[in-house]
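According to Swiss-Prot, the protein carries these features:
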- 12-140: domain 'Ricin B-type lectin 1' (DOMAIN)
- 180-284: domain 'Ricin B-type lectin 2' (DOMAIN)
- 167-183: region 'Sugar-binding site 1' (REGION)
- 256-279: region 'Sugar-binding site 2' (REGION)
- 2-55: repeat '1-alpha' (REPEAT)
- 56-100: repeat '1-beta' (REPEAT)
- 101-148: repeat '1-gamma' (REPEAT)
- 149-193: repeat '2-alpha' (REPEAT)
- 194-239: repeat '2-beta' (REPEAT)
- 240-286: repeat '2-gamma' (REPEAT)
Amino acid sequence: MSQTNANDLRNNEVFFISPSNNTNKVLDKISQSEVKLWNKLSGANQKWRLIYDTNKQAYKIKVMDNTSLILTWNAPLSSVSVKTDTNGDNQYWYLLQNYISRNVIIRNYMNPNLVLQYNIDDTLMVSTQTSSSNQFFKFSNCIYEALNNRNCKLQTQLNSDRFLSKNLNSQIIVLWQWFDSSRQKWIIEYNETKSAYTLKCQENNRYLTWIQNSNNYVETYQSTDSLIQYWNINYLDNDASKYILYNLQDTNRVLDVYNSQIANGTHVIVDSYHGNTNQQWIINLI
């Protein structure tokens, strides 16, 4: 296997799924049941979450604009659609990725002789496997594509005018209303070795770091390459517009606004995941 790559197929991560020879088109849920290729617009109906089943060793592929709907082979027909999750074998897929070309074959679990295929009219179907290029797909990690090496601001879901900010006279991270300061601007960078992200403050080029003490504060700190400086960034389970940031030192703990307060100067901490709004963040490019 080659070096870890952001587009490796990992459980619970979200991807664009494109023809291998045309990443300007992606799988698109164009109605409550129909799925086909469409021009890439980056909407939630074009983002797909992979859910791995360890017993079947296969994936469900859920669309992010309605996560009760998953990619389904309409057996015994050749067509595919999105349908309500019934846990049927026709709703699971083997994903076979070539780690050099990054091409993926999407093979149905119910009948492994059948693979997903796109047609010249952009419709999708299952067919017996051939060497044809229209049975090869690319998976592109949505968050990596959107955020890696980008300048961003992080807004708490608690209030539309409270942002992740370095304190004026210390390294401590707090909430503060937006005033277009370098203390509020962050460069998000992916690390292939850790398979996680760092967030670097533009003011001091120091990294968002979980300080493991009784307060569980977050500060900016010089790079130590410690897990406390790395974050798994993912969408909410059912919302591709909001994010949770999990600390790599303990992925049950996430970036959190203390006590759901919104006053300027409220501490940002790391706390156990519960998914409430004080752990939800909106990340916008600057």
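Glycine too: its Cβ is placed from the backbone N, Cα and C atoms.
Since we're looking at a predicted model, the values are computed, not measured.
According to DSSP, the secondary structure content of the repeat '1-gamma' (101-148) in residues is 9 helix, 20 strand, 19 coil. Note on the region 'Sugar-binding site 2' (256-279): DSSP counts are 6 helix, 8 strand, 10 coil. Sequence-remote contacts of a segment are chain residues at least 6 beyond its ends whose Cβ falls under 8 Å from one of its Cβ atoms, and for the repeat '1-beta' (56-100) they are 1-2, 5, 8-9, 11, 14, 17, 27, 29, 32-35, 43-45, 47-50, 106-112, 114, 116, 123-127, 139, 235, 237-240. Mean pLDDT of the predicted structure over the repeat '2-alpha' (149-193): 97. Applying DSSP to the region 'Sugar-binding site 1' (167-183) sorts its residues as follows: 2 helix, 5 strand, 10 coil.
Helix, strand and coil content of the repeat '1-beta' (56-100), in residues and according to DSSP, is 3 helix, 22 strand, 20 coil.
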